[in-house]
Amino acid sequence: MPEITVRAKSKTYPVYINEFALEDVREKWTESLAKFSHVFVLTDEHVAELHKAKLDAVLADLPVVTYYVAPNGEEAKTFRVYEDVMTKLIETGLDRKAVLIAFGGGVIGDLGGFVAATYMRGIPFYQVPTTVLAHDSAVGGKVAINHPLGKNMIGNFYQPEAVIYDTQFFATLPEREMRSGFAEMIKHALISDQTLLRALMDTFTEPKDFYTKDLTPFLQRGIEIKANIVAQDETEQGVRAYLNFGHTFGHALEAYGNFGKWLHGEAITYGMIYALTMSEAIYGLDFDLAEFKTWLKQLGYDTTFDATVPFSKILENMRHDKKTTFNEISMVLLEEIGKPVIFKAEDDLIFETYKRVMRNGGNGI
């Protein structure tokens, strides 16, 4: 079974990925889990309905397993749900020898990791992602919940014991969720590898390809790209910020939509178009943005921007971005495909880029 090793400064751990990963690691994993005093599984309503029975079968021989089922979507990454999970842990009597399993998409991984990082100052946890989007969020140790004023504003860096990535869960993902996760695959290609980007564009040309073409080698490559960056910079003091390409604008848009109007990958797609447009203006990026947007449209993405979204709100939310320091907004831009840079953007440039993007396609958000 394909295995990728993540070598962060704080911990080294494996990422197991294939269509039957849970079955393939079952014996070894349950032996490890049996050493803990209690297994606590955090999932959401959707995943519990579709896949709980599969995880139950894997955990069947363990004596003490407790589930917490969170709401679907970004609603799970709130103070209210975080407190409720903590209350459940305390009432259940979990001690420091317990372990948490985050079983779901990126939201559950973020919430579960943050719960594990903060309960009794830290208990071990495993990531068992069920979505394409989670190939990015499950690896690297970023864990967080949202604040009404910004995405992932309350969090930590806390690495899992392992990531068990069973791709057969993708079969039940709606097309919109598949597309959202695929956006992070595009991001990895843009910041690292022109050849990878071309392979994505040649392989995936319509929405049905998400289900009929093999995603696994592209997911593996994306995880390898992220693992290499995390090995250099676990806590985002330098090159790890490159993984935020498209996220400064994208997170601002998510916050404007109250973390519900757009899925993460949808917002990041707008953010990547925005960042590519600024990269053309600042660095003369040699990139066929028109071809790129046409490809995105073929895959079902909406690439046009809505003039009714007030720029003032987007700018305000960008100021709350974690990369903003000394009131200077940091953008991840591209000098060329595969060559990201950090650029301190003035308000005038941010607005001019917004206007340029609007001129090239509006009224769609």
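A Cβ is built for glycine as well, from the same backbone N, Cα and C atoms used for every other residue.
Fair warning: this is a prediction, and the values are worked out from it, not measured in the lab.
Feature annotations, courtesy of Swiss-Prot:
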- Gly106, Val107, Ile108, Gly109, Asp110, Thr130, Thr131, Lys142, Lys151, Phe169, Phe170, Ala171, Thr172: NAD(+) binding site (BINDING)
- Glu184, His247, His264: Zn(2+) binding site (BINDING)
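All features noted in Swiss-Prot, drawn onto the structure.
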| residue | record | DSSP class |
| --- | --- | --- |
| Gly106 | NAD(+) binding site | helix |
| Thr131 | NAD(+) binding site | coil |
| Lys151 | NAD(+) binding site | strand |
| Phe170 | NAD(+) binding site | helix |
| Glu184 | Zn(2+) binding site | helix |
| His247 | Zn(2+) binding site | helix |
| His264 | Zn(2+) binding site | helix |
Original post:
Judged by the number of other CB atoms within 10 angstroms, which among Thr131, Thr172 is the least packed of the binding-site residues?
Top reply: Thr172
Subject >> Separation of alpha carbons, Glu184 (Zn(2+) binding site) and Thr131 (NAD(+) binding site) (Å) >> reply: 12
Subject >> Length of the line joining the Cα atoms of Thr172 (NAD(+) binding site) and His247 (Zn(2+) binding site), in Å >> reply: 27
Original post:
If you skip the near sequence neighbours and keep only those at least six away, which residues in the chain come within under 8 angstroms of Lys151 (NAD(+) binding site), Cβ to Cβ?
Top reply: His251, Glu254, Ala255, Phe259
Original post:
What number of additional C-beta atoms lies within 10 angstroms of the C-beta atom of His264 (Zn(2+) binding site)?
Top reply: 25
**OP:** Sort the binding-site residues Glu184, His247, His264 by C-alpha distance from Gly106 (NAD(+) binding site) and give me just the closest.
**Re:** His264
Original post:
Which whole-number value in Å describes the distance between the Cα atoms of His247 (Zn(2+) binding site) and Ile108 (NAD(+) binding site)?
Top reply: 19
Original post:
If you measure Glu184 (Zn(2+) binding site) to Ile108 (NAD(+) binding site) at Cα, how many Å is it?
Top reply: 17
**OP:** Round to the nearest Å and give the CA-to-CA distance linking Phe170 (NAD(+) binding site) with His264 (Zn(2+) binding site).
**Re:** 17
